[in-house]
Each structure stands twice: as structure tokens, then as C-alpha cells.
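Q: Annotation comment: Swiss-Prot describes Asp13 as active site, proton acceptor. Feature annotation from Swiss-Prot assigns active site, proton donor to His41. Feature annotation from Swiss-Prot assigns GTP binding site to 12-18, 40-42, Arg305, 331-333, 413-415; the stated evidence is sequence analysis. The IMP binding site annotation in Swiss-Prot covers Asp13, Glu14, Gly15, Lys16, Asn38, Ala39, Gly40, His41, Thr129, Arg143, Gln224, Thr239, Arg303. According to Swiss-Prot, the feature Mg(2+) binding site maps to Asp13, Gly40, an assignment based on sequence analysis. Per Swiss-Prot, the feature substrate binding site maps to Val299, Thr300, Thr301, Gly302, Arg303, Ala304, Arg305; the stated evidence is sequence analysis.
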Amino acid sequence: MPAIVLIGAQWGDEGKGKATDLLGGRVQWVVRYQGGNNAGHTVVLPTGENFALHLIPSGILTPGVTNVIGNGVVVDPGVLLAELKGLEERGVDTERLLISADAHLLMPYHVAIDKVVERYAGSKKIGTTGRGIGPCYQDKIARQGIRVADVLDPALLAEKIEGALELKNQVLVKIYNRKALDPAEVVENLLEQADGFKHRIADARLLLNEALERNETVLLEGSQGTLLDVDHGTYPFVTSSNPTAGGASVGSGIGPTRITTVLGILKAYTTRVGSGPFPTELFDDHGAYLAKTGGEVGVTTGRARRCGWFDAVIARYATRVNGITDYFLTKLDVLSSLETVPICVGYSVDGKRTDEMPMTQSDIARAEPIYEELPGWWEDISGCRTFDELPAKARDYVLRLEDLAGAHVSCIGVGPGRDQTIVRRDVLAAR
């Protein structure tokens, strides 16, 4: 079987956890390929149990699935151990979780620098989660990072941390007037934490490619979304990694020719957390309705999400840059009871219409949405399990989004539960 990539097609928080959970029973491997604990997945089991995952792949909730934290992820050891403990206390078997030896470790100095830099940025801050993700990726690119495998060699680990802190402490003390970190203490704490996860360290790229050779199915799970990609997102208001489909190969060690399906996750409206452009953002009662009805609060940050109407411009853009073959449309039920449902079909930038993503940061910031209004529906659709059971106006809305986005809407979420899903086309079927 081939590998399948699951990605967010907006600014994150689209419902990727539900999609992974839905498919989890039919795949053998679930891999997280980028990001860190700066994003969260919410999974609601048929029993009604609610799980919020920040670092561990959503497949951990499906028995028999092997879960991998890939080389493209940055791992906070404390968060990892706390999340494992929380799952185990609720009866979840975590034995089948592996960590790539080449994933990078998020260190205390990354968190310290992230928080202080964001604080000093004032009105120019980009709205980071303050969890050290950006500084950790900076060290990775600068070839100064600490890899997971380094905990297996305490002498090398101590040498690398001492070298890193020579500079980090200068920055903390002399620029930001903060307390220096003790290298020996940092090493000691990390080695103590490593006792709880070093048995999970593996050559993930080898295991994943061997699994594909055995005809097993690998699901590659991204965090955040396309518009937060450091290269393809609304820079500089982006994350520090590549959530887009290209990042799945790099962050897992699986070659791109192994990937035949790219499943994009689209919310039936649009949200984003933190700063940055958002052309369809609502500041009226409709925005408040979407936020309240959709429960739009960040899983990781607890911050209220900004809400707006569906933006077909960014959906088309996501289809293009990811090569999306199928879409999973989530939270369609939230739109029930609206008299009309606007869809952004293009932008006006300085009086000129464009149906494509503006090329420059300043143009995106000035983009004004051009709307097409569709009639709404009043029926409760949370019990619908086939496309034909949806009200005609809800079906029309889905088909219009499909046409505008440029890829087939294969699954539709009509509620938070795993079973509250309409499947129009099997995304795991052979292509």
C-alpha cells in the first residue's frame, strides 16, 4: 500500500485529529512529520471520551497502530512524558509509539528565548505559542541542535549542550537581562527525562520504508495548516516548519513517489489563531456565532480563534501547493440555522479583482473578500450518514466548495464524534 498524507488546508485547527482517528483502524502506521507541541489535535471516540493530543500522533488511540514521531518534529521531553502519562492513566496503550532518532529535542533555552523575544517584540509580535518551537528549528538549521539520539551518548550530549549555552546564555543575560542556565543542570534533567523515552528511539525512516515494502499503509499526519507553512504560508505569520505535503517526505524519510493520496482537511468556514492577515474575518454577530457554535478555542494555547466565512481562494491555493487529491470537510453542522452562507470566491486588492492568492505580504494584508451567497439550511444534520440525507441546500454548499477548491470532497464531518461522518468516496481505496 502507498503512503497517504493528511494536511490542514487553512490556518490549522481544521479537524485533522478526527480524520486520522476515522482512518486509523485501516492503517498500520501513523506518522507525525513536523511541528511540535505548538499545535493540538482533538479526538472524540464513539464512547464520548475526548482526547487532546499535542505531540503524539492521533493513531495512538487506535489499537494495533504503530505511531511514529518523525525526524521533522521537534520534541519537548517534558511534554512528551506528560502526554504519555496522561494517556496511560486513561487506559491507552502507548507501547506502539516510536521516536525517530533524528528528531530534534526542544531545550529549556529554546522556551526561554522564545518567550522573551515575543515579549520584546510588542506590537510587532507574530503570535507564537511561546513553546520554543521557532528557536529549536533555528538551531536545527544552524546545525547546533540536539537530536533525540544524542541522549544515548551522555558525553556527546554534554558537549553539545555546553557549546549551545555559551551563546544562549550570552543572549539571555546580556541582551534580555535574564538568568543564565546551568549546562550541567540542563544535561542532568534531560538524561533523567530520557530514561522515560529512550527505549522508543528508532531508525524510523528504515522501519517506515520496510513497512511500505510489506504493503502496509502509512498515514503521514501534519500539524497546523498550509497557510502556516514557513515557505507557502502568510509569511511572517507562520510556523517554523513545512506542514504542506512536501514536508511529509522530508519529515518522515519516505520518498515522494510513495505518496499517492493527499487528503486535505477543510473546515466549512475559516479560523486562525494569532496574528496575521485573514481576509474573511468576521467582527459581527456571525463571527460570534461561529466561535460559540464551533467551540473555537485553541487546543494547545487556549486562545480564542478568529472566525470568518469559507475562503475558496486559500482552498484553491492549498489544492495547488499540496497536490490535494481529496478533501475532508469538517464542521458542516456548525452552519445549520444560518439564513445565508457566504463564500469568498475572490479578493479585491486596490480595486482589482483576483481569484488567486496575492503574491506579496502587503497585497494579502489589503485583500478584501468578494462573496457569493448561498441559501442556508435550518435542519439538524448531525445524524446524517449519507450525502443524500443532507438537506438539499447543504448538499449545494458542499458541491460549490468542491467546485471552487478543485478537489473532490470525499468525507464530510457533521459532528465531533468519529461516527458523525459522511463518506462519499473511500480515500484509502487503491489509486
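Heads up, the Cβ atoms here are built off N, Cα and C, so glycines get one too.
Because the structure is a prediction, the values reported are computed rather than measured.
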Q: Of all the binding-site residues given, namely Thr129, Gln224, Arg303, Ala304, which is spatially nearest to Thr42 (GTP binding site) at the Cα level?
A: Gln224
Q: Given Lys18 (GTP binding site) and Thr129 (IMP binding site), what distance in Å do their CA atoms have, once rounded to a whole number?
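A: If we compare the Cα positions of Lys18 (GTP binding site) and Thr129 (IMP binding site), the gap is 23 Å.
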Q: Could you tally the C-beta atoms, other than its own, that fall within 10 angstroms of the C-beta of the residue listed as 'active site, proton donor'?
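A: Counting Cβ neighbours of the residue listed as 'active site, proton donor' within 10 Å gives 26.
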Q: What Cα-Cα separation, expressed in whole Å, is found between Thr129 (IMP binding site) and Ala304 (substrate binding site)?
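A: With distance taken Cα to Cα, Ala304 (substrate binding site) is 13 Å from Thr129 (IMP binding site).
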Q: Around the Cβ of Thr42 (GTP binding site), how many other Cβ atoms lie within 10 Å? Please give the count over every shown protein chain.
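A: A 10 Å sphere around the Cβ of Thr42 (GTP binding site) contains 18 other Cβ atoms.
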Q: Could you check which of the recorded positions (Asn38, His41, Arg305) sits closest to Gly15 (GTP binding site), going Cα to Cα?
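A: Closest candidate to Gly15 (GTP binding site), judged by Cα separation, is His41.
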Q: Ten-angstrom check, please: count other Cβ atoms within 10 Å of the Cβ of the residue listed as 'active site, proton acceptor', all chains counted.
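A: Its Cβ has 28 other Cβ atoms within 10 Å.
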Q: Provide, as an integer number of angstrom, the distance between the C-alpha atoms of Asp13 (active site, proton acceptor) and Gln224 (IMP binding site).
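A: If we compare the Cα positions of Asp13 (active site, proton acceptor) and Gln224 (IMP binding site), the gap is 7 Å.
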Q: Taking the Cα atoms as reference points, how far is Arg305 (substrate binding site) from Gly40 (IMP binding site) in Å?
A: 13
Q: Between Ala304, Leu332, Val414, which of the binding-site residues has its C-beta surrounded by the fewest other C-beta atoms within 10 Å?
A: Ala304
Q: Around Gly15 (GTP binding site), how many other CB atoms lie within 10 A of its CB?
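A: The answer is 22.
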Q: In terms of DSSP three-state secondary structure, what is the assignment for Leu332 (GTP binding site)?
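A: Assignment for Leu332 (GTP binding site) reads helix.
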Q: Reported as an integer number of Å, what is the Cα distance between Gly40 (IMP binding site) and Leu332 (GTP binding site)?
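A: That separation, Cα to Cα, works out to 21 Å.
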Q: According to DSSP, does Asp13 (active site, proton acceptor) sit in a helix, a strand, or coil?
A: coil
Q: Between Gly12 (GTP binding site) and Arg303 (IMP binding site), what C-alpha distance do you get in Å?
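A: One finds 13 Å between the Cα atoms of these residues.
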